[in-house]
Amino acid sequence: MSHADTIFALATGAGRAAVAVLRLSGPNCAAVIRSLAGTLPTPRMATLRTLRRGDGAALDRALVLWFPGPRSFTGEDAAELHLHGGRAVIAAVGEALAALGARPAEPGEFSRRAFLHGKLDLTEAEGIAELVEAETEAQRQQALAQAGGLLARQARDWAGRLTTLLAQEEAAIEFAEEDLPSSLDGEVRAGAAALACEITAALADGGRGERLREGLDIAILGAPNAGKSSLLNALVGREAAIVSARAGTTRDVVEARLDIAGVSVTLADTAGLRDGADEIEAEGIRRAHRRGEEADVVLALFAADAPPDGETLAVLGRRRCLVLLSRCDLAPSPLPATVAGEPALAVSALTGQGLDALRARLEEEVASRAGGGSLLTRPRHRAALEDTARHLAAAADAPVPELVSEALRQASQSLGRLSGRVGVEDVLDVVFGSFCIGK
Ligand SMILES: Nc1nc2c(c(=O)[nH]1)N(C=O)[C@@H](CNc1ccc(C(=O)N[C@@H](CCC(=O)O)C(=O)O)cc1)CN2
Ligand SMILES: Nc1nc2c(ncn2[C@@H]2O[C@H](COP(=O)(O)OP(=O)(O)OP(=O)(O)O)[C@@H](O)[C@H]2O)c(=O)[nH]1
Ligand SMILES: [Mg+2]
């Protein structure tokens, strides 16, 4: 993959659409646009042109945008073709571009070039990917802040202070050689300890930003016929799962997406837990248990009109669950307030009783685990900052000035990985490889 190539990709979604945007970037852009559109349009001004193949045949009437570098998204010559959205139009123009020496872009290659040309740091590029993937309002806000440099600015501030500390420690080492008394070493150690503290405080966010980006998983577990599928349908407001009076209706895990408190939540309905099921149902029950173990929150359902079953009680013993007494319209009141000592919320998917209270409880559970206001949105950020804080703490406590300086250098390296300044090619491959084509 050469950064000297001129690349192109469809920037808009596949499938039928009114307009399709083909994006181009690279040193050969001007020649490619001249060849397709006759002359270069005025920079950054949408211009209607007939695009023609080498043999003069018309390809499409399109809006052409020309972005001379370095004042472009990628920081090099770039262009956009706003085509009619037909599959054949896109294919024909793509063929013409390939014939002119441009090649299809890899996933994330436009953002990678913007990064390489210093237009974005790595966390800002990640923010752009997060913006494209955002499904909820809170995810959008977090992604926009990240793309706008929220973490990048903080990292630059930390990096600047770290560089100052390193320079001061080098000076302290010099002074020591000249046998001059200096308090500089002590000041640097105190500065390193303070910076370690500040970074540790930023890390102590309970992973809320990462969870907001990734979304949360909630699993519904309980005996056959407890009303799990009915509850899923009631919560998502559509018939996502099959409901029937026969025990053992659900076998596969049925997933539905919900927006709870601005967090993207995957709600999973599972096979009813019981012994002695047939082969297929038994596999469903294994999947149910696995879902329960992986979930952030488990809803344990007990039918209010039946005694609590041992299988679901065993789940309560293994992990903290939100306990629900389902089908509560079928049981005579008063209902028990607890199951196996756990407070239980009475709900009915049929009458809707208790559903608002359940939604409120779910909002609390979700809001306590994920939400906005965090600088960190990825495990990668956490790992880099944990290393940085560790090296800073080591610098504060190092036995001799030379080791203070060495630890500060390592802290600087770790922090550089966060912004991508200390660029190990494989980190870039991982980050940009997860982007979609055309980004
Ligand atoms: N048609 C279209 N819409 C789009 C994009 C695009 O590339 N094309 N974007 C793509 O992500 C987003 C907008 N982001 C952009 C960010 C920077 C530049 C850009 O060219 N920046 C120049 C400054 C340009 C100027 O100030 O006039 C630069 O940074 O040098 C373009 C788009 C969303 N919408
Ligand atoms: N009266 C009443 N009936 C309910 C309620 N919830 C579910 N049912 C009925 O209980 C039966 C089982 O409901 P499902 O939602 O399929 O139960 P399930 O837990 O998904 O069952 P499996 O998939 O077999 O594990 C169906 O006949 C539902 O109509 C409720 O709140 N009130
Ligand atoms: Mg079911």
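Placement of Cβ uses the backbone N, Cα and C atoms for every residue, glycine included.
Per TrEMBL, these features apply:
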BINDING   Arg23, Glu80, Lys119, Lys439  (6S)-5-formyl-5,6,7,8-tetrahydrofolate binding site
DOMAIN    215-367  domain 'TrmE-type G'
BINDING   225-230, 244-250, 269-272  GTP binding site
BINDING   Ser229, Thr250  Mg(2+) binding site
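This view paints the features noted in TrEMBL onto the structure.
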residue : record                                              : Cβ within 10 Å
Arg23   : (6S)-5-formyl-5,6,7,8-tetrahydrofolate binding site : 23
Glu80   : (6S)-5-formyl-5,6,7,8-tetrahydrofolate binding site : 21
Asn225  : GTP binding site                                    : 23
Lys228  : GTP binding site                                    : 32
Ser229  : Mg(2+) binding site                                 : 24
Ser244  : GTP binding site                                    : 10
Ala247  : GTP binding site                                    : 13
Thr250  : GTP binding site                                    : 22
Ala271  : GTP binding site                                    : 28
Lys439  : (6S)-5-formyl-5,6,7,8-tetrahydrofolate binding site : 22
Assigned conformation of Arg23 ((6S)-5-formyl-5,6,7,8-tetrahydrofolate binding site) - DSSP reduced to three states: strand
Closest of Arg23, Glu80, Lys119, Ser229, Lys439 to Ala247 (GTP binding site), Cα positions, binding-site residues only: Ser229
Three-class DSSP secondary structure - Lys119 ((6S)-5-formyl-5,6,7,8-tetrahydrofolate binding site): coil
Cβ neighbour count within 10 Å of Lys119 ((6S)-5-formyl-5,6,7,8-tetrahydrofolate binding site): 18
Residue pair Lys439 ((6S)-5-formyl-5,6,7,8-tetrahydrofolate binding site), Ser229 (Mg(2+) binding site) - Cα distance, angstrom, rounded: 39
Annotated binding-site residues Glu80, Asn225, Lys228, Ser229, Ala247, Thr250, filtered by Cβ under 6 Å to ligand 2: Asn225, Lys228, Ser229, Ala247, Thr250
Maximal Cα-Cα distance (Å) across residues annotated as binding (6S)-5-formyl-5,6,7,8-tetrahydrofolate, namely Arg23, Glu80, Lys119, Lys439: 19
Close-lying binding-site residues around ligand 3 among Ser229, Ser244, Thr250, where CB distance stays under 6 Å: Ser229, Thr250
Among Arg23, Glu80, Lys119, Ser229, which are recorded as binding-site residues, the nearest neighbour of Thr250 (GTP binding site) by Cα: Ser229
Helix, strand or coil at Lys228 (GTP binding site) [DSSP, three-state]: helix
